Every structure is written in structure tokens, then in C-alpha cells.
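Please read through the structure below; I'll follow up with questions.
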Amino acid sequence: LVLSFFDQFLSPTFLGIPLIAVALALPWVMFPALPSQWLPNRQLLLQSWFINRFTQQLLLPLNTGGHKWALLFASLMLFLITLNMLGLLPYTFTPTTQLSLNLGLAVPLWLATVIIGLRNQTTVALGHLLPEGTPTPLIPVLVIIETISLFIRPLALGVRLTANLTAGHLLIQLIATAAFVLLPLMPTVAALTAVLLLLLTLLEVAVAMIQAYVFVLLLSLYLQENI
Amino acid sequence: MLSRLVIVSASALKGSGPLGAGLVQASRSLHTTSQSLAPVPPLPETGGKVRHGLFPEELFQLLYPKTGVTGPYMLGTGLLVYLLSKELYVINHETFAAASIGTIIVVGVKKFGPSVAAFADKLNEEKVAKAQEVKDQAISVLTQAIEDEKKEQWRVEGRSMLFDAKRNNVAMLLETNYRERLHMVTTEVKRRLEYQLALQNLHRRMEQEHLVSWVEKNVVSSITPQQEKESIAKCITDLKVLAKASQAQARA
């Protein structure tokens, strides 16, 4: 059984049961419901503090109509950040490396913002297609360019998340393999590679959190334009 | 978490004997207590004790009677060696990745753990402090109200003395007023009497003067010129005699 480096990204199935469903349900376990006591324990306290602060910060630039999306953004952020961070553990499968999942999250949400904008304030939403202060001869070209950029947004959102996480996991695997192979041959080089792996893992932790945040932030920005 | 449950229930069931399993089923059907939920037992303040951050203390307590202090460690080592030697766990690149992420997690928890825990505790403390402040404020307001009430009661006790003093005041005012009026009456009466006296004196004096002037006028008018000449001549002779007498006296 020869494993290629891309086998970690195969959607796992066991006896025909897609295990990605279990992987997707795992973050739900990490955030228990708040009990009805007044002073929660440290874990719940920190989790609820984080969720409150994050939602407050995210919803600052949005007007009251955008506050309806608070639950969606908060839950999306928690979902993505938990999936990303859990994927850094060994022998785990990260669902967010699947383009299908990320596009499945990005396209409906982006489309929702566009449709809301076009329904409620059609002229303003269409007006976003032309930046202010453009010289008159450039208008047709610029409208086309802005439309393309509008339609590329969901693709960018999905592919950004997928590419970052996939690249990160691949790099971790490559460098770990290099360290593993070099260990009997040139131990010092293997030690340096191990140090590199440590730094890379640190970077991956940061990337995991940042990519989740960027996904939700961009969606909130698209909402801000259109609400 | 689940392992702890298994261990605790295992040790509990072991002690209950052969009836253990049956009792678990039986207690659900017989109503022996009133099944009231209050008073609720207090919640534990800290989480379950763990050793080395992962292994619950109950495992060590479970194995202690049979294998002593080193028992669980031997179990862990043996398990690890078994897995490695039988290649049930194969060392591959993922092991390195596991080592690196494990290092990062352990270092992170050791370094930032206390400060994060202190932060969480501070959040709770602030919440408790706010409620405590409200309670303390209410208590202080009520204590202040009690003191004010006591002071009012003391004031009420003193009020009778106040009334006595006021009564004295009023009596003195009345007395003063009466004395003043008495004085005024005396003065007025004296004035009127003096007026009458002055009037009588004036009257008598005017009578006297009138009488005197009348007498003088009559006397002067009754002096005839003859009498006047005679009296003047007499006066001159008298004066001469007197002058002589005095001259004689001066020489002597």
C-alpha cells in the first residue's frame, strides 16, 4: 500500500459510510451548552467571552439590518476555526481542505448578500459596479471588470480557504517526511528540518485561525455593501 | 472523560457485590424517596484532577492497591512498547508532525496557561464583585437608614425639653410685655400729674407776679413828687454822714 502525499485529502469512507459527516459534526462537541449557573467554569467562560467579543467586533460596522446575520457569522467562525485547528492534529482529516465544502459555504452566503442587495436597494447595489470618479471613456471597461470581480468573489473565498489549508497540510507532510527520511542518514540536517517543521506548525496554527477569520470577515464586508 | 466514568463506576459496582446490577435496575421502579430536586448538591469548584495533563487521577488510585505507585507508568510504557514492537503503531512522517504539534501545544499550555486561567478567573471575579457591590451598597443604605431612624428617635425624646424651653420663652415674653405696659402706664400717669402740677405752679407764679407788679405800680404811682424830693434829700444827707463815717474809719 503506497501512500501518496495527497491521500490525506481523500474524503474518508468506512464500509461505504462517509466519515466526513462525523468530522463535520465534531466541532459541535467542543462547545458545550452553557449551564444555567451564574458563574461558569473556565472553559465555558473563555469560550463565551471569545464568542461575545468576536461577534461584537464583527458586527460593529454593520447596521441594524446586518445584525440578523450575527448568529450565522459567529457559528461559521467557530465551525471553521475548530475544523482548521483540529486538522493540525496528527492522523486527522480536515474537511475544509475539500473544495466542495468551502464552495458550498461560500457560494450560498455570497449569493445571499448579492440578492439582498439587489432586492432591497437595487440602484445602490448596481452602483457598486462603478467606482467613483472614473473618467467617462473607461466606464464600460470598468463595469465589465467590476462584474467579473463580483462573480469571482465566491470562488476566491472558497479557493482561498482550500488552498491555504491544503498547502499547509502538504508542507507539514513533506517536511515531516524529509525529517523522517533524513534521520538515519544525516541527523543534524534532520534536526534542522525538525526545527523547520516546528516553525511551520506554528505558522499553520496562525494560518488556521486567520483563514477562518478572513472568510467570515469578507462575508461581513460583502454584507455591509449590500444590506 | 468517559474513561473516568468507567473507572468510577467499575470501582463502585465492584464494591456493591452480586446485587449491584440488580439494584441499579430496581432503584428505578421503587419510589422510596420523595424525589425532590432541592436542595441541589453544590457543583464542584474545580475540574477533575489529572496527572501529566491527560490521565485522570482515578486511574492511578485504581491501580495503586495492586501495583503501587509505579503501576500506571509501567502500564503506559508497556503499552507503548507493545504497540511499537508489534508495529500496531508505525512510526512515519506523521509521528514527526505529531511531535511538533505536541510540542507546540505543551509549550503553549505551560507558558500561557496560568495567565489565561487568571484572566478567566478575573472575569468571574468582576461579575461577583459587581453583584457584591450592589449587595454592599444596599446594606450600607439600609444601615444608614437605621442610624437615621435612631437619631430621629433620639430627637423625638428631646422634643419635650424643647417644648418646655419654648414654654418658658413664651412666659418670659408675656412677663416682659406686661412689665413694659405697666411701665408705660406709670410714665403716662406721671406725665399727666406733672402737667397738672406745672400748670398749678404756673398759675401761682403768674398770680404772684401780677400781684407784685400791681403792688409796685401802685406804690410807684402813690409816690408824690413832694415825697420824692424829701426822700432824695434824706438820702443825700445819709450818704454824707456815711461818707464821713467811713473816712474817719479809714483814717483810724
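Using N, Cα and C of the backbone, Cβ positions are placed for all residues, glycine too.
Pulled these from TrEMBL:
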type	residues	note
TRANSMEM	A:12-31	transmembrane segment
TRANSMEM	A:69-89	transmembrane segment
TRANSMEM	A:101-118	transmembrane segment
TRANSMEM	A:138-159	transmembrane segment
TRANSMEM	A:171-199	transmembrane segment
TRANSMEM	A:205-223	transmembrane segment
Report the listed stretch (A:12-31, A:69-89, A:101-118, A:138-159, A:171-199) having the maximum count of Cβ pairs within less than 8 Å of the transmembrane segment (A:205-223).
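Answer is A:69-89, with the largest number of Cβ pairs below 8 Å.
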Using a Cβ distance cut-off of under 8 Å, indicate which of A:12-31, A:101-118, A:138-159, A:171-199 has the most pairs with the transmembrane segment (A:69-89).
A:12-31
Restricting to the same chain and to residues at least six past its boundaries, which positions have a Cβ under 8 Å from a Cβ of the transmembrane segment (A:171-199)?
5, 8, 88
